[in-house]
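Read through the structure below, which is laid out as structure tokens, and then see the notes.
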Amino acid sequence: MTNKQKEVMNAAILVLTLLIFIFVMSYANIVASEIATEKGTRIMEVILSSVTATTHLLAKLTAIILMLLTQIGFYAVVSISVMLAMKNTDLVKGILDQLSAFPPYYLILNLLFILFGLLLYIILSAMVGSMVPNVETVAQFIYPLTMLSILGYWGSIAASNVPDNILVIIGSYVPMFSPMMMLARMDLLSVSNAGIFISLGILILTTALAFLLTLKLYKGNVLLYSNDGLVKTLKKSFSYAKKYN
């Protein structure tokens, strides 16, 4: 990769990872707040008298994911439209020329990292939202997820500068960080295809396990009202899960 291509990709990585971070923060808070609001007003207990906890959770996640895909699709259409309108400008020609160095399937891999990364945070936010006693305590309970997303964002900045640093390499395989850090390393062509697919596989597996865990805890969490903090509430959540599953 030439210096010019590195400059273009560093700029693209900064913009892309910032967008991922914003999406994570926005949708994590939306999901947790939605569920916490229903729980705090006891609406959820009424809803779950008519449908199962699994159905309710799946409906909630489906609605959020469709909203997310709609927003991503809108931005994609706008971006493509702008590039088509400016296709004869030196700026767009230069960007397309630099991007031509990348295999076409890298675009699909980028999208998979973004989608599964967002899905992982959304699922974990749903689990956290089901544990809080009311919407006022959402920020306190979701704080660890917020910090993890911040670390992932700063990790992606480090990855764009020193992609072969040992901490960056390790971080790019951690599911909470890989959507941003592996994406940065991948777009700088500093990781093998095997490394990319291993990281993506770990991310997908973790997302699936997080979903199964959230399903297991969700039903009991509806009846759990605790102000003891995240760790103690999580312990109670597992106790409730054994009782109601």
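Here the Cβ of each residue, glycine as well, is placed from N, Cα and C on the backbone.
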Transmembrane segment per TrEMBL - which of 14-32, 166-184: 166-184
Intrachain residues whose Cβ lies under 8 Å of the transmembrane segment (141-159), provided they are six or more past its termini: 13-14, 17-18, 20-21, 24-25, 28-29, 32, 121, 124-125, 128-129, 131-132, 165, 167-168, 171-172, 176-177, 179-181, 183-185, 188, 230, 233
